[in-house]
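Heads up, the thing below is written out as structure tokens.
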Amino acid sequence: MRIEIHSIEETQALAQAIARLCQNKHVVITLDGDLGAGKTTWTKAFGKALGVTSTINSPTFTILKSYTQGNGQPLHHIDAYRLEGASQDLGFEDCFDEGITVVEWSQFIQDQLPEDRLSLSFEEGIDENRVITMEAKGDVSKSILEGYHD
Amino acid sequence: MIILGIESSCDETAVALVKDKKEVLSSIVASQIDVHKEFGGVVPEVASRIHIENISYCIEAALKEAGCTMEDVDAVAVTKGPGLIGCLHVGVQAAKTLAFAYHKPLIPVHHLAAHIYANELVVDMKYPLLALVVSGGNTELVYMKDETSFEILGETQDDAIGEAYDKVARVLGLGYPGGPKIDKMAKEGKPVYELAKPKTQGRYDFSFSGLKSSVLQFTKRMERQGKTYDLNDLACSFQECALDEIFSRIHAALDDHPEIRHFVVGGGVSANSRLREKIEELKTEYPNITFTVPPMYCCTDNAGMIGVAGTIAYVSGRRGDETLTGDASWPIQ
């Protein structure tokens with residue numbers, strides 16, 4: 001499914017809508033798109049809507065940052081940007097087994113991702129215009145995407 | 001008093017021996033920093049497997065270089081967090097093993113606090129103090145009313161400043177690491193291009209993601225319009241904008257806290273020549289405050305700073321026991 005976005009506010013609204021559908025679920029979401037496409041903006045709004053109170057900032061350097069959602073479940077934020085070309089097993093399965101995990105630059109850890117995941121790809125247009133394509137790859141992610149359709 | 005410090009929070013495995021808080025007897029850093037990739041960054045040494053391979057060698061080398069044995073060491077300090085959990089565990093396990101095998105006190109240390117305390121290697125820190133930590137993974141403004149209390153006044157809401165430099169450098173095709181290259185080009189340029197001013201809610205908070213995107217959009221717009229631009233001018237415009245963000249927050253914090261006696265810097269971005277210049281300017285504006293920008297060996301990730309922080313924590317009575325474990329998001333203390 002394709003969604004056209006025209007501002008940062010619309011990116012945030014989309015993240016909040018997806019967050020409502022993910023609440024209390026166990027799911028992995030991948031975000032792909034160029035530098036500056038809006039992945040971090042999306043994740044900040046997503047986490048806030050899930051009740052994360054601490055500052056969500058870029059995990060590029062430490063690769064993984066973990067937060068607590070309003071319901072006590074973890075929100076893991078992985079950024080594989082620096083893992084391009086590296087074949088290291090960093091034990092991400094532990095993250096994928098609990099709460100919600102958001103993965104940026106997921107193409108660099110493709111073979112470690114679980115089958116069932118919601119994938120969002122951000123295509124950049126001029127200025128703040130974006131096209132976001134959402135795709136579900138399993139039962140849980142499909143149910144979330146169907147919820148969004150309704 | 002000799003403290004053995006261990007650091008393994010992210011890319012670097014490091015061990016150092018520090019004497020009486022001030023003297024680094026040895027400092028070993030095992031990092032593959034010169035294994036550059038063709039485009040982009042460094043393959044990070046974040047797998048715990050690599051830290052495990054390095055840690056014993058680093059401990060042995062640090063003791064040897066200092067001419068010490070474990071009998072000479074008074075306590076073992078280690079980074080407990082924040083960082084990547086798998087990496088932290090390796091350092092913490094090694095520290096626990098050493099401490100219990102040789103009956104030495106064990107001291108957990110905070111990575112960010114250690115960056116600040118590293119200044120003790122070149123100056124006696126005076127309180128109340130304001131610290132700026134700027135690196136690839138950190139951008140924080142920290143207020144310390146005394147030696148052992150920390151208040152994060154402001155932090156980045158998105159990218160760290162060093163990360164923004166690296167990502168902009170990648171977009172401009174300058175290679176890695178981006179900081180020194182942009183710094184050098186900016187010296188040849190003028191800040192003539194209008195880039196998005198960062199917006200934040202908190203009075204002392206930082207944001208660099210919008211600025212990074214603004215550079216990207218600028219280059220794309222010029223391409224679309226078939227226009228050329230001066231790369232040095234763009235580097236300069238970016239650098240001025242990024243540092244204005246940092247220094248407007250420093251000004252606000254110094255003005256709001258007239259009791260501050262000392263301003264210190266930590267983290268790898270303190271190598272930036274324009275940042276150093278701007279701190280020189282602050283000296284004339286705030287003649288009653290001492291400003292310290294330590295040499296680079298104090299600023300980058302190393303275990304010397306863990307030894308210094310460990311000494312301060314040891315004197316203040318902090319101890320770890322057999323339950324000590326790494327904590328990826330440990331609050332500063």
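Placed from the backbone N, Cα and C atoms, the Cβ positions cover glycine too.
In this view, B:H111 (Fe cation binding site) is surrounded by 24 other Cβ atoms within 10 Å of its Cβ, with every protein chain counted. According to TrEMBL, the Fe cation binding site annotation covers B:H111, B:H115, B:D301.
The feature substrate binding site is assigned by TrEMBL to B:V133, B:V134, B:S135, B:G136, B:G137, B:D166, B:G179, B:D183, B:N272. Long-range Cβ neighbours of B:V133 (substrate binding site) (same chain, at least 6 residues apart, Cβ-Cβ under 8 Å): B:L112, B:H115, B:I116, B:T139, B:E140, B:V142, B:V265, B:G266, B:G267.
Residues annotated as domain 'Gcp-like' in TrEMBL: B:23-307.
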- Message: Sub-8 Å Cβ contact with chain A: please pick out which of the binding-site residues B:H111, B:H115, B:V133, B:G137, B:G179, B:N272 have it.
- Response: B:G137
- Round to the nearest Å and give the CA-to-CA distance linking B:D301 (Fe cation binding site) with B:S135 (substrate binding site). 9
- Rounded Cα-Cα span from B:H111 (Fe cation binding site) to B:G137 (substrate binding site), Å: 11
- Message: Using the alpha carbons only, what distance in Å do you get between B:H111 (Fe cation binding site) and B:G179 (substrate binding site) once rounded?
- Response: 22
- Query: Cβ-Cβ under 8 Å from B:S135 (substrate binding site), same chain, 6 or more residues apart: which ones?
  - Reply: B:H115, B:A160, B:I161, B:G162, B:G266, B:G267, B:G268, B:V269, B:C299, B:T300, B:D301
- Message: For the Fe cation site (B:H111, B:H115, B:D301), what does the 8 A shell look like? I mean other same-chain residues with CB within 8 A of the CB centroid.
- Response: B:E7, B:S9, B:T79, B:L112, B:A114, B:V133, B:S135, B:N138, B:G266, B:G267, B:M305
